[in-house]
């Protein structure tokens, strides 16, 4: 039967689609063919959550609706026939009223740039809907059935780069039935410590979510279509979507010949596209999700059979249900552990659509690091296959070892056997699963995983234990597929378990787990495999101690990373001196962000005849580009044209970026100078077509007559390849280094410290929309922190006056410096393409292209020589610093000064340095949140830590930061470490002194005839709350006409988008000062207005006494008073710079067997002067601190031998997620009082606190020191266990390596020796 349409509901509206390309995703359809723009594209991989929607399915037979969250970027449109889809617009809106979730996101200050917020709302809403359907106890009115522990995982998998997650957790907890409302953080509903905090003060919530998730009209249409749904014919859309309803139909399709000359893809949930990206278009799809047998659950005497198309989340439910229904006391340990482990695979919104069989197929066809294949192998599972007309049952092990499957073999089901303990035979079943991954709750591929199953029984009449029927499975360690360690199984079977037996098993395992060549961290993976086997066996061996697994935090217990509840204390000191300035009011427009109504660049409706572009970039560094062609493919057929340097108009320049220190070309022509450099732009009719078309390019390179590329700072030194730092930018040295070294009792000479790069990972990638206009003009909508300079670069490229280019920026979906100078390339390329084609052109970089091309934080390598006294006082320091600036100067010449500024938070006595800014054939590095200060401050603390280790002192003795509270906590950690062999803790406190320099800024305030107020400022709203502070400043300044102010003005203020032809000299939004500069300009403009209005006010007072704002403005208008004023604020000499102060203490725990890091607690104290908005500033402080944790611990920015970025996806690059932030996170904003030279005595907040995250790195170092003391014999002979280099970042792989890769072996050897001697 031929299906001519797909019918579904979207936010309660009926949609009928008859002409869609079968490869169209749900996200693409929503964003391009509906008015709903809230659902965002963040990664296209199911790895960030920006695109999450709720999908509801209806079962007419059971009259039952099932709701689940899903990644709309992976879900294919044809997969949602007769489904209902809800986006954040379906929850609430300005017109219909906002939903409680959206209001609480605003009220708890849980949204900053807002780009991730719609996806967050949908994950939370789905969690609430499903919790309210559960059998949990009925909650008190206003709450859901969600528990606090469930609330903390309600948005697991959703990424946010701005907030640090803490306020979003508070939003989730506010719905939980067991929450203590007084424990929630700063909000607008009640004040902290207010005893009247109760649910009635929160936006009301209706049990069940209060939204119809599946409309009645669709139910009726489904029921009337039951005959069609049950039709036995093959369902096929005219666009190439095939939907067989039986296995026979599937094979009929395969054998029909209709796919012989086509590109075909077999799908269920299509989530594999997030892992193995489509390299070309497919013109035919076979959806096997509708074959009933593939979704069947069959419970048998020997176990449970699960259809291959069953979603992973449904599999988890089934395993939990069967475990709970088991008659034995603890249910099935195997089913329970499998379900627990599967809950850590991917994300909830991927598990809901990814099929169990699909995961196993990926593991069979590719070297896919599947957790599921490994744990099912460990559980002795079997699979059922259909090979044409033959049905086979084979073990999972045999299946994985077969050649890669083709479509002629269909995986039907997976059978998981029951395993029960036998009390009569005194045999117990033991089953454990393990994974070592960058994130504990999933959304991260394992470095290694394992599952161990066996029977354990007493040996004869003794109390010794023996194992039998062993299944020891390992995977993801750099192997083609999961394997069983059969030699280890055979060796252990029947043997009395002693330390020497375990040692021999470990040695056998080391010979079994052999990562293939090219696998990252191979020794680490082998060592962790040993640790997993040790963890499994140690409870069975007398006299052996292993890792603790209890939850209380006492002397002898450690934490389970994912189980410890999150808590926080958020302290602010509001000020009412300048009301409403100083009050923690909600951020401007957050409800619009939460409801999807806030417009970002890619949300602007595509103009008529709009085309789309994607960069073609070089994959080699320093090579001639001899030619460019495209592979014959479906995607290549979609190419309209390619724009390159040859298309730059006469009089224009090949320029893509600029700053005061130099330019950077838009295209590499004729030489590609670095891997990742743009060579051209491919143009197509959709963004997806353009992205796929760019993958078809084949570039011919030549390197004759070219020197080898310079990729490292060492190579730059060898080739004398540097950028010049202007003398006025070079920092000043302090004192006489030689004299200071002569005074020293101890010296450390020429010691290295390294910091890698960091990618911005703004949620909204680089994007621009260029629209050609009349008279050779161009309008460009750009996501930019510096529209003014974007205007000049575009004009220079096109060879037209600046006045012919209008750049408009309303809001930016995260910047962190990456939307400053690095945004111009995209805006300029879009403008060039639009200029050539005379049609609008939109560019929205996919995540991979963005990560490869944009650059990031400056990598730094430093060598230090330091002299110091025996009491820790430092007398002299010399630094040799090498900064990798990349191919162009960008803003790099400012970095030496900020590095030294960050370093100077300590007194070094004499300070000398030699700083070289290295020019290399890499992507240009640019400013990123706290540029230079972050590196300099860390180098300072690394030196302090080294000095302390040499003197065997606590580092804080050297820092002079000892307090009684710190000493007490440090002593508790010492006690913990003495009681725990395999987990160690560390604590560190670091200070912050951060120099800030405000920049000039324009501002215009206009009052319309109805009394409403519009404000224009140069600063860009990038999530930092600039508009909010400007709104508050406007209300304060204009309210000065009344003795008590006029707070009613706040809601009448609208801040307008930046427009380079409307308000000039907008300047750069960076350095944390744009908010205060914009407020200063606004204050000046308002003061001009109040000077004009005061005479009118006085006249009206004489006539009628009290004067309202509306009557004042009405009279001023009649009197022809100019109701618009413009100011350009320039900081005076006294206010040109100031210092921010703060401190941070962090406690961590590390697992010596895996290197896993748990952030137990962080305490921040930060000086905000008199905060303009304490809630906004607190959010900035927390968010920057968490971003700093990413830099210092988690985010590994890696390149290949050509300098091409290879950590180019959410799979490879891990920013902090909600499960990796401190379990206890306390932040306090200090009010340090009046200062005449600052804007209403305020200080910056956006960047400085990032530096405090080095406290986590230093605490990790302390924990490693404790481990190395414990296992000093394993750290190498001749070196102190306290002396080691811990670079940035310090992920779990590095932590494990420094703790010792052979500590288990050494421990067992010692026990075995002792056993033999006894």
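Quick reminder: no glycine exception, Cβ is built from N, Cα and C everywhere.
Automatic prediction, not curation, is the source of TrEMBL annotations.
Pulled from TrEMBL:
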- 4-91: domain '2Fe-2S ferredoxin-type' (DOMAIN)
- 43, 48, 51, 73: [2Fe-2S] cluster 1 binding site (BINDING)
- 113, 116, 160, 162: [2Fe-2S] cluster 2 binding site (BINDING)
- 234-421: domain 'FAD-binding PCMH-type' (DOMAIN)
- 355, 356, 357, 358, 359, 371, 411, 435: FAD binding site (BINDING)
- 785, 816, 929, 1071: Mo-molybdopterin binding site (BINDING)
- 1247: active site, proton acceptor (ACT_SITE)
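Among the residues 785, 816, 929, 1071 said to bind Mo-molybdopterin, no two Cα atoms are farther apart than 13 Å. Residue 356 (FAD binding site) has a Cβ environment of 27 other Cβ atoms inside 10 Å. Applying an 8 A CB threshold to same-chain residues 6+ apart, the list for residue 411 (FAD binding site) reads 308, 357, 360, 361, 383, 384, 385, 405. Assigned with DSSP, the residues of the domain '2Fe-2S ferredoxin-type' (4-91) fall into helix, strand and coil as follows: 15 helix, 31 strand, 42 coil. The record gives 43, 48, 51, 73 for [2Fe-2S] cluster 1. Within 8 Å of the mean position of their Cβ atoms, the other Cβ atoms in that chain belong to 27, 40, 41, 42, 44, 45, 46, 47, 49, 50, 71, 119, 847, 1210.
If you take the Cα of residue 116 ([2Fe-2S] cluster 2 binding site) and the Cα of residue 371 (FAD binding site), they are about 28 angstrom apart, rounded to a whole number. Neighbour density for the residue listed as 'active site, proton acceptor': within 10 A of its CB lie 29 other CB atoms from the protein chains shown. Sequence-distant neighbours of residue 51 ([2Fe-2S] cluster 1 binding site): residues of the same chain at least 6 apart with a C-beta under 8 Å from its C-beta are 27, 39, 40, 41, 42, 71, 72, 73, 119.
In this structure the alpha carbons, written CA, of residue 160 ([2Fe-2S] cluster 2 binding site) and residue 435 (FAD binding site) are 25 Å apart.
Rounded to a whole number, the C-alpha distance linking residue 1247 (active site, proton acceptor) with residue 929 (Mo-molybdopterin binding site) is 5 angstrom. Long-range C-beta contacts of residue 43 ([2Fe-2S] cluster 1 binding site), restricted to its own chain and to partners at least six residues apart, with a cutoff below 8 Å, comprise 50, 73, 847, 1209, 1210. Residue 162 ([2Fe-2S] cluster 2 binding site) has 929 as its nearest neighbour among the binding-site residues 356, 358, 929, going by CA to CA distance. Nearest by CA distance to residue 356 (FAD binding site), out of the binding-site residues 48, 113, 785, is 48.
When the alpha carbons of residue 113 ([2Fe-2S] cluster 2 binding site) and residue 816 (Mo-molybdopterin binding site) are compared, the span between them is 11 angstrom.
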